[in-house]
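Peer 1: Summarising the annotation, TrEMBL assigns domain 'Membrane insertase YidC/Oxa/ALB C-terminal' to 73-247. Annotated transmembrane segment per TrEMBL: 16-34, 73-93, 138-160, 180-197, 209-225, 231-248, in sequence order.
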Amino acid sequence: MFGYEEEFPLQKRQRYVAIILLVVFAVIAVSGCAPDPSAYKPIDREHAGIWDKYLVLPLSDLLDWFKSFLGNYGWSILIVTFLVRLVIFPLTWKQQKSTKAMQELQPQLMKIREKYKNNQQKMQEETMKLFQANNVNPMAGCLPLLVQFPILIAFYQAIMKNPHIAGSSFLYMKLGEPDPYFILPLLAALTTYLQFIATGAGDNPQMKIMIWIMPVMIFFLAYQFPAALSLYWVYGNIFTILQYVLILKPRKGNVTQEGTAR
């Protein structure tokens, strides 16, 4: 889908939607997650809104429940991060599979583009035939993003608004305070970089700048935020990397050639 100077209309539309979603999420994450005393105020259960009542509070209670068994919120955050990612994994898998399929179809898409460069209608017809033959929906990767973001933001708020987490410690750090030794910010930045590499973003010229900008941004954010949130970022990044490395292995020889012989 990316990495070429010219793209098909459908691919352009998907790229623009993905960019818009990324920008919107970044704005929400940065503006809504900025360090603020009110962010640490516990939720009033009796007057909680729909968002807090059905998303944030259940996640917060789950963190408390696992802490009662594991004895520490650091391990509790790890388990709940895993469970949250496990719940949204079908959506993530569908999104990543669609992106992978689109990347594998690029050589055939370019052949179609070259062959029918003077006939836009025929180009679109052959492109859609190729998509259908390989069960690929070029827009399939967008909807899962919309579903994932609210869940991940709710988990962030569950950590920030749980007063017990703010007063606890894990290893050398206090979870309610930034890591004074830069270890977690560095790990958050490193795992963010490795996540880009593992997902193949380095193969996309348009994303190469993000490979360097995002880790730097995450480092400075993690340095300002409580260690509990930095820990969540590190756990989440590791889980995403493992998804790509262990589950979404490159497929070979399974892309149908239909649509290129015409």
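Placement of Cβ uses the backbone N, Cα and C atoms for every residue, glycine included.
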Peer 1: What else in the chain is close to the transmembrane segment (73-93), if you only count residues 6 or more beyond its ends and a Cβ gap under 8 Å?
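Peer 2: Here the qualifying positions are 59, 62-64, 66-67, 144, 147-148, 151-152, 155, 159, 164-165, 168, 170-171, 175, 228, 231-232, 235-236, 239-240, 243, 247-248.
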Peer 1: Along the domain 'Membrane insertase YidC/Oxa/ALB C-terminal' (73-247), what average pLDDT does this model show?
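Peer 2: Result for the domain 'Membrane insertase YidC/Oxa/ALB C-terminal' (73-247): average pLDDT 81.
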Peer 1: What residues in the same chain, six or more past the boundaries of the transmembrane segment (180-197), come closer than 8 Å to it by Cβ-Cβ distance?
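Peer 2: For the transmembrane segment (180-197), the nonlocal Cβ contacts are 172-173, 207, 210-211, 214-216, 218-220, 222-223, 227, 230-231, 233-234, 237-238, 240-241.
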